[in-house]
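As written in Swiss-Prot, here are the features:
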type	residues	note
COILED	358-391	coiled coil
DOMAIN	166-206	domain 'LRRCT'
REPEAT	44-65	repeat 'LRR 1'
REPEAT	66-87	repeat 'LRR 2'
REPEAT	88-109	repeat 'LRR 3'
REPEAT	110-131	repeat 'LRR 4'
REPEAT	132-153	repeat 'LRR 5'
Amino acid sequence: MNRLCDSMEPKVMDDDMLKLAVGEQGPQEEAGQLAKQEGILFKDVLSLQLDFRNILRIDNLWQFENLRKLQLDNNIIEKIGGLENLTHLVWLDLSFNNIETIEGLDTLVNLEDLSLFNNRISKIDSLDALVKLQVLSLGNNQIDNMMNIVYLRRFQCLRTLSLSGNPISEAEDYKMFICAYLPDLVYLDFRRIDDHTKELAEAKHQYSIDELKHRENLMQVRLQDERARQEELEKHKTAFVEHLNGSFLFDSMYAEDSEGNKLSYLPGVSELLEAYKDKFVIICMNIFEYGLKQQEKRKIELDTFSECVHEAIQENQEQGKRKIAQFEEKHLSSLSAIREESELPNIEKMILECSADVSELFNELMMLEMQLVEQLEETINMFERNIVDMVGLFIENVQSLMAQCRDLENHHHEKLLEISISTLEKIVKGDLDEDLPDDLRALFVDKDTIVNAVGASHDIHLLKIDNREDELVTRINSWCTRLVDKIHKDEIMRNRKRVKEINQYIDHMQSELDNLEYSDILD
């Protein structure tokens with residue numbers, strides 16, 4: 001794959017190149033010249049042609065956030081990158097370059113047409129995010145394994161595929177294999193696939209296809225199950241009670257507790273642990289279920305608040321629109337009367353009256369906005385009190401339940417200590433009938449050693465409980481603070497935007513009157 005431009009000096013995709021390309025593609029008539037003078041914003045560009053420019057590396061395209069079509073063919077690009085922000089891209093041409101690996105396309109979720117024709121690609125992969133892909137051109141590359149075709153089965157919208165010029169295209173079963181494994185394909189190597197060919201291909205590869213479909217169905221079920229688990233986990237995280245609907249917290253207490261695991265082999269401890277775990281898990285489930293209920297209440301409170309704010313803003317806007325409509329009807333009538341009036345004193349008087357009407361409208365609109373600000377401030381403050389109270393109550397009750405977990409741990413610790421001391425006494429007297437594992441027996445050298453071991457286990461358990469409680473409290477407090485802060489900031493921004501809109505409209509109306517020339521009126 002020699003490139004005529006390989007001998008030329010590589011070019012950098014800098015602002016100068018991009019501005020030149022945008023300018024060349026823009027309209028050339030008077031409108032185009034005006035656009036060039038004023039400057040074209042990259043974010044407004046929908047199509048960009050950068051072919052035959054000896055580009056080695058894709059760069060500086062982050063400002064083209066609304067780009068739909070990008071042409072980068074016939075360059076010397078070796079690596080796909082720099083396309084992360086082009087999420088609206090629909091059409092991408094990277095043909096006739098030096099690309100060896102498909103990569104850097106994970107954010108192009110809207111891409112429908114991709115050309116990688118005439119590169120150095122040997123494997124088809126890393127296209128999973130391109131769920132809308134309809135056209136894929138990979139001809140004249142180095143793909144030599146037919147199993148690459150199986151990878152393309154995941155693209156349900158794929159209808160056009162080009163693979164001619166690859167080693168696999170020389171295989172005797174090339175066309176039949178592709179037609180069998182990609183039954184929804186319409187065009188292969190720029191030729192339409194007829195129904196007869198599809199039927200022959202399906203019959204020839206039926207056994208392999210059936211086996212593959214079975215594996216795909218199993219994989220799909222697993223993916224759906226995993227997706228459902230993740231969605232459920234996110235729901236639990238939103239309620240701040242993830243992993244409390246079972247023995248996770250209890251198990252985590254013993255995961256790093258080597259002494260506690262040794263002590264579990266003491267006579268009578270197994271039954272003690274089982275009873276302890278059952279009671280502990282019940283409390284965790286109580287926290288979990290309570291958390292979900294409280295999350296639903298918080299959601300209802302937030303939804304109700306949002307609805308109230310929306311209704312208040314809508315009603316206020318409708319009042320403003322009515323006042324503006326009444327003003328404009330009167331204003332247009334006044335302007336018409338001014339143009340028909342021939343007496344200068346009367347004209348001056350009428351203009352002053354119009355100006356007074358503009359001032360009155362300004363006062364009315366600002367009064368409406370002030371009323372809305374006061375109304376929303378009261379609503380926001382009430383919501384803030386409610387949500388803070390709800391969060392406070394939730395924390396209080398969770399802490400109470402966590403205290404019950406600590407009580408269970410303290411009780412278990414006391415019982416375990418009793419059994420340990422009793423076992424030590426039996427060992428000293430030689431009355432212990434049961435055999436103990438060597439690592440456990442090593443703890444019973446003296447009373448201090450066994451007391452320290454039981455105490456260390458107890459400390460680990462309490463730390464795990466404390467950490468889970470602290471995590472829950474910290475996260476829900478942070479959530480509450482961020483939510484309230486955002487609501488206040490959003491209201492400030494809304495108010496500023498509305499005041500700006502009112503001022504701009506009033507300034508326009510007043511400027512229209514100020515620029516009214518008597519000579520034009522008299523004419």
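Note that Cβ sites are derived from N, Cα and C of the backbone, with glycine treated the same way.
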Mean per-residue pLDDT computed across the domain 'LRRCT' (166-206): 93
Folded-back contacts onto the domain 'LRRCT' (166-206), same chain, C-beta under 8 angstroms, at least six residues removed: 138-146, 148-150, 152-153, 156, 158-160, 212
Secondary structure content, the repeat 'LRR 2' (66-87) (per DSSP, counts of residues): 0 helix, 3 strand, 19 coil
Secondary structure content of the repeat 'LRR 4' (110-131), with strand meaning DSSP E or B: 0 helix, 3 strand, 19 coil
